[in-house]
Amino acid sequence: MFLRRLSIQWKITLLAGLCLLGVVALLVGLSVYRMQHSSVLVKSASTQMLDESARLRLEARGELQALRIQRYFMDAFQYGKGFSRQILFLRDQAQKRFLDAYDLREDLTRQVRTALAANPEVLGLYVVFEPNALDGKDELFVDQPALGSNDKGRFSLYWAQATPGQLESESMIESELADTSSGPSGAAYNAWYTCPKESGQPCVLDPYFDKVGERQLLMTSIAFPLELDGKVIGVMGLDINLSNLQALSEQGNRELYDGVGQVGILSPAGLFAGNSRDAGLLGKNLAKADPQHAGELLQLLAAGKSRLFNENDDLKVLQPLQPIPGAKPWGVLLEVPKSALLGPALALERQLDDMRREGTWVELGLGLGAAVLGLLVLWLSARGVTRPILGVAHMLRDIASGEGDLTQRLPHTGRDELGELAGWFNRFLDKLQPIIRDVKVSVRDARSTADQSAAISSQTSAGMQQQFREIDQVATASHEMTATAQDVARSAAQAADAARGADQATRDGLALIDRTTQSIDSLAANLTSAMGQVEQLASSSEEIGSVLEVIRAIAEQTNLLALNAAIEAARAGDAGRGFAVVADEVRNLARRTQDSVEQIRGVIEGLQQGTRDVVDAMHGSHRQAQGSVEQVDEAVAALQRIGEAVTVINDMNLQIASAAEEQSSVAEEINRNVAAIRDVTESLSSQAEESAQVSQSLNRLANHQQGLMEQFKA
């Protein structure tokens with residue numbers, strides 16, 4: 001519908017423009033799609049590459065942190081290994097030189113102290129020999145801690161260094177050496193001694209807190225077996241402070257993406273020796289910090305395998321390390337948010353998105369410019385094509401606006417489609433001009449005949465309408481009279497029915513009142529009987545009260561007799577003790593009987609009061625029942641009078657209904673006759689109106705046709 005209103009020029013421009021816009025949109029869309037697809041591929045490849053690089057970097061950081069920790073342990077290991085060889089050398093030299101046992105123990109004590117003082121980073125050094133394994137003379141040095149001997153004379157020296165330069169020594173008693181109670185890691189308390197002794201290899205203990213001086217420090221022990229001819233004769237160990245490991249974890253976290261992650265150091269049992277995020281977890285199990293992955297991490301740690309985990313928004317790396325040769329693996333646990341780890345990849349993605357959006361807008365602008373330029377060229381081309389058609393249209397408009405002048409002709413000089421159109425249009429006018437001339441003469445004759453027919457039809461229609469209005473008034477009056485007669489008959493019949501219903505209701509009311517009277521009489525008789533029974537119950541309650549009074553008196557007398565018996569039994573001494581017990585029981589029974597009598601008395605008094613209330617209520621009900629009987633008798637008399645009046649009304653309604661029915665039948669007959677006459681008159685009036693309308697329409701058409709013909713100039 002919209003295209004029909006457009007000119008040919010605009011139709012050509014619109015359709016060709018839509019095709020051009022479709023092609024431009026397709027090309028731009030395809031280009032944008034390819035660019036976006038390429039951007040996605042580039043982002044995916046670059047993100048994957050940067051992600052892999054970040055993972056490798058994180059693993060490298062884990063290895064670097066593991067090497068730092070391993071170097072820290074290896075420094076202590078090398079120191080302890082050298083000192084253990086020195087102790088064995090001192091023992092060997094003492095035997096070769098036949099050095100006195102006292103001097104040997106004194107020399108060992110001095111050497112341990114000197115070694116500890118020379119290494120302030122070590123918290124303590126200890127040397128423990130098997131019984132009589134040092135010099136075979138333990139029994140000579142019982143309870144001599146100054147020479148490193150314990151309560152059995154066994155050499156078990158421990159030097160502690162709470163602060164650098166402040167050294168204290170003690171000898172470890174046998175109960176400490178034999179203490180196998182479990183520590184936080186699950187290992188025995190004396191694992192520092194039993195582990196190297198039983199394995200024959202150096203051991204690193206799990207982290208534990210111990211009091212050094214006045215401070216609670218997290219520490220671990222590296223213990224070395226003292227072997228002679230393949231047999232372990234003692235243990236030498238050193239305690240190292242693990243606060244340095246906490247410092248290493250914090251330093252590693254600062255170096256790892258500006259401290260946004262976490263570095264943890266784990267022992268073989270899963271205890272934290274360092275935690276950069278929460279120092280409160282030191283010495284505690286991994287299960288408290290990460291219960292979900294603790295089991296898997298500890299299994300990997302025990303197997304010495306590294307692993308990289310993806311967990312929600314974080315990336316975790318477990319890097320195992322061997323603190324000393326032959327020891328169980330420890331581990332470094334690195335945790336970094338993916339947002340920090342993949343920061344370069346995300347920045348590259350944002351840069352690619354910006355470039356893609358910029359390219360999209362450039363392509364859209366170029367496409368839109370090309371489309372506008374193409375539409376302009378199409379519009380100019382369509383204008384050149386439609387200009388001759390507009391010339392022919394202007395000529396036809398001049399002919400149409402020149403009062404239907406059929407004498408004009410279109411000039412045509414060309415031999416194209418437009419010239420052929422003008423030639424055939426001129427030939428059409430040559431045939432139409434004489435026909436229009438003859439039609440104009442015929443129209444003038446038809447108009448005069450139509451004027452005469454319209455005048456006659458108007459007069460006939462007016463007369464029929466006057467007759468129809470008068471008959472319609474008669475029919476309306478007859479119909480109203482019939483309706484009134486029918487209403488009177490219906491009202492009389494309804495009144496008769498209502499009177500019969502009232503009469504029946506009166507009879508039903510009398511029967512109901514009669515039954516009610518009988519029920520009230522029966523109720524009054526029952527109340528009279530019940531009153532006698534309740535009064536008898538009240539008298540029985542009073543008799544029960546007198547019986548209870550007798551029981552109470554007997555109970556009091558029994559109580560007095562039991563009291564006298566108890567007094568006599570007391571006078572009789574041991575001979576009357578049994579009788580005193582019986583008298584006491586009798587007195588208790590008498591007191592309980594007396595209490596029960598008082599309770600029963602209270603119940604009986606309540607029952608008597610209730611009985612008196614019931615008697616009063618029943619007297620009132622009896623009086624109300626007698627009053628109700630008198631009111632019912634009065635209602636019966638009133639209903640009988642109503643019934644007599646309803647009977648008279650019913651007879652009169654029947655006579656009125658009969659007369660109204662006869663009047664209604666006569667009125668209906670008259671109404672039918674008048675309605676038939678009205679219908680015939682209405683039909684004639686309608687036909688007369690239709691005839692007048694046809695004549696008027698014919699007259700209007702003749703006038704219109706003459707007006708149309710007058711527009712043509714033939």
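Cβ coordinates come from backbone N, Cα and C, glycine included.
Here the structure is a predicted model, which means the values were calculated and not measured.
For E170, Y208, F209, D210, D239, the entry in Swiss-Prot reads histamine binding site, with the evidence type experimental evidence. With a 10 A radius on its CB, Y208 (histamine binding site) counts 23 other CB atoms from all the protein chains.
According to Swiss-Prot, the feature domain 'Cache' maps to 50-290.
Model confidence over the domain 'HAMP' (383-437) stands at 66, taken as the mean pLDDT rounded to a whole number. Among the features that Swiss-Prot reports, domain 'HAMP' is placed at 383-437.
What Swiss-Prot records for 442-678 is domain 'Methyl-accepting transducer'.
Annotation source Swiss-Prot lists transmembrane segment at 12-32 (among others).
Sequence-remote contacts of a segment are chain residues at least 6 beyond its ends whose Cβ falls under 8 Å from one of its Cβ atoms, and for the transmembrane segment (360-380) they are 9, 12-13, 16-17, 20-21, 24-25, 27-28, 31-32, 35-36. The transmembrane segment annotation in Swiss-Prot covers 360-380 (among others), and the record cites sequence analysis as its basis.
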For this session: Could you check the binding-site residues E170, D210, D239 and say which one's CB has the most other CB atoms within 10 Å?
Result: D239
Problem set entry | Nonlocal residues around F209 (histamine binding site), in sequence order (Cβ under 8 Å, 6 or more apart) | Q216, L217, L218, M219, G283
